[in-house]
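> Handing you a structure now.
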């Protein structure tokens with residue numbers, strides 16, 4: 001039997017999953033990742049915790065599967081994107097906590113860049129809007145605010161990376177400083193047309209090029225693990241940011257195919273093939289996972305692959321807020337039964353703009369609201385409104401995506417594949433299909449983020465001949481079909497847009 005090991009380093013936990021070559025889960029392990037909130041709007045992780053929890057789960061998963069490193073053909077890595085790590089090349093120690101993708105401390109710098117008129121140039125080169133969400137301004141903050149960091153960076157003593165780079169550095173004993181194209185494309189420093197770091201952007205943000213990792217295709221040779229870590233060396237053959245990895249794991253390989261991941265946030269991606277498309281509807285363009293040619297893996301010229309993306313900052317996190325903030329539930333699993341205890345939200349609308357609103361609105365100053373309260377409102381109505389807010393935000397993304405697809409000469413999205421922890425909530429998935437008016441399809445294996453990393457590693461190591469073999473492995477577990485009329489769905493979305501305007505104080 002051939003096995004693949006996927007390391008899935010997320011915002012709230014580190015996980016490792018052993019897959020067989022059919023994409024079935026053989027074993028898995030998970031550890032929570034401590035969250036650090038130094039100030040309002042700031043979110044950090046300790047890079048040492050990231051590494052400690054990730055390597056521990058890898059060992060646990062291998063032990064649970066009762067296999068050794070010699071049984072694993074290759075290892076794949078997928079990770080929370082944009083989260084920024086800066087460390088000392090000699091000691092391997094971080095110079096500061098990692099600044100997490102949710103962190104908003106760099107917003108003043110972003111506002112300054114927008115006021116200076118740089119956004120059109122940045123969007124054309126990177127596919128991204130100027131936002132504190134991305135790595136570039138987080139890295140600039142570290143260089144400016146950590147004592148001695150800029151001088152050390154300019155002397156070549158420091159290394160920058162997103163979480164994948166940090167893990168590869170640790171896994172290889174500091175021998176390899178590298179990232180993949182999908183993670184690089186989320187930094188706001190990477191030119192997606194030239195497939196390289198952009199010198200003009202580096203100069204604009206005062207970031208020394210010598211800080212940056214080498215960039216490779218997502219399915220290519222990233223080195224091998226230090227033999228002492230897992231009892232033997234394992235080739236690292238696949239790396240992708242979590243959302244591009246989920247797109248790959250959902251077998252969305254052709255233009256027009258779309259997926260939505262329901263996690264801490266929600267992340268919708270639509271494959272656009274080899275064409276770079278600039279959104280006119282508030283979405284981002286990002287590099288999809290790229291596959292190196294079989295010859296000279298890691299150094300060939302893969303065919304470009306792009307995706308349109310929309311990100312919801314607060315998705316499943318709204319359920320955590322119900323539990324930890326309002327104490328309305330004692331565990332996240334209770335939310336479906338509580339929401340199902342009422343037939344609808346009773347007119348309550350929740351906009352969970354706790355850290356502003358992401359795509360397609362891009363309202364960093366928006367704040368969370370609950371409207372439509374009456375004397376008859378119960379906590380069940382609020383719970384249902386919280387769940388529905390996840391679907392409303394995702395529906396706004398898909399509608400924007402379909403408009404962009406039609407403008408580019410394509411067709412609207414006709415089916416949405418779903419994954420992530422919250423996709424097991426049948427109430428949420430049915431309401432999502434009702435709002436969208438298209439089938440929402442849940443796969444047999446919902447761990448598609450980790451599966452995508454395993455598939456990438458399998459491609460580079462020869463387990464799979466190509467993406468056609470992966471498409472043949474994909475299976476649906478359930479299709480949710482719309483039950484609302486188009487007119488009723490439009491009424492619901494109109495109420496949502498009104499609530500968004502209130503939250504944004506428009």
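Positions of Cβ are set from backbone N, Cα and C atoms, glycine also.
Not my notes, these are from Swiss-Prot:
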- 11, 15, 264, 316, 421, 425: ADP binding site (BINDING)
- 11, 12, 13, 264, 316, 320, 421: ATP binding site (BINDING)
- 11, 81, 82, 133, 242: sn-glycerol 3-phosphate binding site (BINDING)
- 81, 82, 133, 242, 243: glycerol binding site (BINDING)
> Cα within 10 Å of residue 12 (ATP binding site) is the criterion; apply it to the binding-site residues 82, 133, 264, 425 and give the hits in sequence order.
264
> Taking every protein chain in this structure into account, which of the binding-site residues 15, 81 has the most other Cβ atoms within 10 Å of its Cβ?
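That would be 81, with the most Cβ atoms nearby.
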> What does the structure give for the C-alpha distance between residue 242 (sn-glycerol 3-phosphate binding site) and residue 11 (ADP binding site)? Integer Å is fine.
10
> Setting 11, 12, 13, 264, 316, 320, 421 aside, what same-chain residues sit with their Cβ within 8 Å of the center of the Cβ atoms that define the ATP site, listed in sequence order?
10, 263, 317
> DSSP secondary structure for residue 264 (ADP binding site), reduced to helix/strand/coil, please.
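For residue 264 (ADP binding site) - judged by DSSP and reduced to three states - the answer is coil.
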> Non-local Cβ contacts of residue 264 (ADP binding site) (under 8 Å, 6 or more apart, same chain)?
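Residue 264 (ADP binding site) has long-range Cβ partners 10, 11, 12, 102, 314, 315, 316, 317, 320.
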> Output, ordered by sequence, the same-chain residues six or more apart from residue 425 (ADP binding site) with a CB under 8 Å from its CB, or 'none'.
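Sequence-distant Cβ neighbours: 335, 336, 387.
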> Run through the Cβ atoms and count how many others sit within 10 Å of the one on residue 11 (ADP binding site).
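A count of 21.
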> List, in sequence order, those binding-site residues among 13, 15, 81, 82, 421 whose Cα sits within 10 Å of the Cα of residue 243 (glycerol binding site).
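Cα filter at 10 Å returns 81.
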> By a simple count, how many Cβ atoms lie within 10 Å of the Cβ of residue 133 (sn-glycerol 3-phosphate binding site), its own Cβ left out?
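So the number of other Cβ atoms within 10 Å of residue 133 (sn-glycerol 3-phosphate binding site) is 29.
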> Of the binding-site residues listed here (13, 81, 82, 133), which is spatially closest to residue 421 (ADP binding site) when Cα positions are compared?
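Looking at Cα distances from residue 421 (ADP binding site), the smallest one goes to 13.
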> Over all pairs in 11, 15, 264, 316, 421, 425, the listed ADP binding residues, work out the largest Cα-Cα distance in Å.
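Comparing all Cα pairs, the maximum is 21 Å.
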> For the recorded glycerol site, enumerate neighbouring residues of the same chain (Cβ within 8 Å of the Cβ centroid of 81, 82, 133, 242, 243, site residues themselves excluded), in sequence order.
80, 83, 101, 186, 241, 267, 311
> I need the most crowded of these binding-site residues: 316, 421. Count other C-beta atoms within 10 angstroms of each C-beta and give me the top one.
316
> DSSP three-state call for residue 15 (ADP binding site): helix, strand or coil?
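Going by the DSSP assignment, residue 15 (ADP binding site) falls within a strand, counted as strand.
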> How many Å separate the Cα atoms of residue 13 (ATP binding site) and residue 81 (sn-glycerol 3-phosphate binding site)?
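Cα-Cα, rounded: 14 Å.
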